[in-house]
Amino acid sequence: MAKAKNEVPAVANPDDKLKALEAARLQIEKQFGQGSLMKLGNNSAIGNIEIIPSGSILLDEALGIGGYPRGRIIEIFGPESSGKTTIALHAVAEAQKQGGIAAFIDAEHALDPQYAKALGVNIDELWVSQPDTGEQALEIAESLVRSGAVDVIVIDSVAALTPQAEIAGEMGDSHMGLQARLMSQALRKLTAIIGKSNCMIIFINQIRMKIGVMFGSPETTTGGNALKFYASVRLDVRKIETLGKDDDEAWGNKIRVKVVKNKVAPPFRKVEMEILFGKGVCPYGSLLDSAVKQEIIGKSGSWYSYGDDKIGQGRPNAVKFLEENIDIAQKIEKELREKLFPGRPFVSSFVEKTKEQKEAQEKAVEALKKEEGSKEDALTGNKDETDDSAQKNSAASKAKRAEVVGLPADDSLF
């Protein structure tokens, strides 16, 4: 009986199996190129994941590997004004500190250059695009990734990636699933080249409510389900409370970040951070809390000590000490990262702020104060600031600010 044309021969001998596998590998590499098939242990790009720090040692710890993985897709989602763009801009600043090139695709047309500068972003070296359509935004992202020169790309946001057909149509026209199909097609093209170029793409996304959900969470993200599958890390950012809202002025938000998906480390870790208006996440408070947790900084009563030296009584004074002594902060950070992430190369997140960054912070804070003041005037009419009780509330607010966040009670740093 003749053998079938497509019959696969059975190989029983182990040596013959290895020879057959080697012949198959050579044939695959001849057809598809060098490196198309390899053993996992021989691929250093897969075994050793490079990272970009998040700008907060607490968030780096929650991510499990010391930061965001390069060559992967990251999704940051949450309600409005929860700190999504702030977290993404901190990642951009950290990439630039390592000598990387960053791009920001501003689909919402809402990027504030002064605020980005206040967070440490070098806006002179930041590539920015404000596309008109979703197709244009994703094609720009693909071109940047294919160049192999860009380290991180931020797309703000998925909800603003409007398909061309929707823009060309009339107001009120139904475009069922159009954006989801656009995202699915784009991610299929992007996911392979992202890994080869070692570029990281951060998608900022909004949440919506599903109608008719009786059980479980009614929340979902925009753009369909494709991004949920292709993302290696998904961060759920929520605002817990507004700091200072019970006093005369709000000066920050306390947020909770939950790693709801993580393909490079265990997921579902949570971290709480304070975001200061006009300044972003305070890294020194995060460093102090993490170092105390890992017993690198000792805490006895209200006193904090590093080695044999006391660095401050109370959290505000300890944070102020670290901010004024960046060399000690860098030394503590190095010890902390070596303990949490052994084998990872160390690049400090703490650098002396330039004069331009300090001025940008002051401008951002003043702009926020004016904005809050105009809103208050519109709601309450003429505002009286001569009342003694208002002055007492102001003093109490500053004292509370110093206690919670770790800044001095005066206005020198706010």
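Don't overthink the numbers, they just go from 1 along the chain as shown.
Yeah, the Cβs are placed from backbone N, Cα and C, and that goes for glycine too.
Features of the protein shown, as given by Swiss-Prot:
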| type | residues | note |
| --- | --- | --- |
| BINDING | Gly78, Pro79, Glu80, Ser81, Ser82, Gly83, Lys84, Thr85 | ATP binding site |
| COMPBIAS | 361-384 | compositional bias 'Basic and acidic residues' |
| REGION | 361-414 | region 'Disordered' |
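Annotation note: Lys84 (ATP binding site) sits in a helical segment as assigned by DSSP. Classification of Pro79 (ATP binding site) by DSSP places it in coil, neither helical nor stranded. A sphere of 10 angstroms centred on the C-beta of Ser81 (ATP binding site) encloses 12 other C-beta atoms.
Sequence-ordered, the extra residues of this chain that approach the ATP site, with Cβ no more than 8 Å from the Cβ center of Gly78, Pro79, Glu80, Ser81, Ser82, Gly83, Lys84, Thr85, are Val237, Lys239. A sphere of 10 angstroms centred on the C-beta of Pro79 (ATP binding site) encloses 14 other C-beta atoms.
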